[in-house]
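Asks: Here it is: the structure, laid out below.
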């Protein structure tokens, strides 16, 4: 039998990428509101460009937030602290344009006391469909390409902040990983792309010489630390700063907006996406909370050994608590003779996907040991400190199919 062979690519961007600067500011604002008022309704969007930050959106809360202070703190933490970056935490303008949320939306979302079941009182914040996914490619049950891409830029940021080596690094960077699959299994890494912002070349060194130093450093200190050696071979291609000089970057190089990196935030294109961004949205917005819950369902199904891959879709109507539909697809990888229909039937009984049930299960209104800002760079999934990554439903799923 001939082997199937194909290539698949995913990308990531660092915390210093302009869109991620926006995401982190929006989520830091959300963190501040929720810490004061767990019932806050927040839809916060951020725009960043040369020397300027604009924070806007709709809020219903009893909390009081200092937008200037939050934005400057986040920008400082990321590393934009020098005037030469043309986007500096200490000198950039910060404009707040937050205002009250629509009463029409509040009416459908907030608790209806006449309904007996508390979880039926809180409706979905909007209509839409959300997806979750899990697979056996990595220990985190995430697709391999996006996991490696996330780790590359995360390690770059850690090296930059440590300040011991590669001291020329600036905050903005991107990564991309292409994997070769044989018979649906990761066989090797075919290509790695890393573009990182950097200081001007040192005196007495040409641009070509400096780029050669950067290339060597990134391969040795980043790629070889992230990508398993057995996946790299003589034919693996490394594209390091392929356009050459990358001094101008961050919000000075490109305008940043909240919610523009939804594939980076999720599965790197390995799974469908409902289209709704996460950052800046409180957990009553099912764009966020139901995507987290869908990942939780998919991951537990795979962790329970019911399938090697699992896609979960859930959809909602605004103001209605119970999902309009739930769909589970194991991509012909279901085990123990199970069908997708059988898995879905049990999953619907085990996982409550009403918005308030999701919020309570993961404590999304009172985060402990994690923050929304933390989710806003390097992916919302495949990171074990987030509660939706727990696999506490594995035994219950196994028992449902007499596999325990």
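Heads up, the Cβ atoms here are built off N, Cα and C, so glycines get one too.
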Asks: Given that Swiss-Prot lists 101, 254, 285 as binding L-methionine, which residue among 58, 207, 209 does it place in the same site?
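Replies: Checking 58, 207, 209 against Swiss-Prot: the L-methionine site match is 58.
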Asks: So if I draw a 10 Å sphere around the Cβ of residue 285 (L-methionine binding site), how many other Cβ atoms end up inside it?
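Replies: Residue 285 (L-methionine binding site): 23 neighbouring Cβ atoms within 10 Å.
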Asks: How big is the Cα-to-Cα gap, in Å, between residue 254 (ATP binding site) and residue 58 (L-methionine binding site)?
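Replies: So the alpha carbons of residue 254 (ATP binding site) and residue 58 (L-methionine binding site) sit roughly 25 Å from each other.
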Asks: Pick out which of the binding-site residues 17, 245 has the most other Cβ atoms within 10 Å of its own Cβ.
Replies: 17
Asks: Nearest to residue 245 (ATP binding site) by Cα, among 45, 58, 101 (binding-site residues)?
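Replies: Minimum Cα distance from residue 245 (ATP binding site) across 45, 58, 101 lands on 45.
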Asks: Taking Cα-Cα distance, which of the binding-site residues 19, 45, 261 are within 10 Å of residue 58 (L-methionine binding site)?
Replies: 45
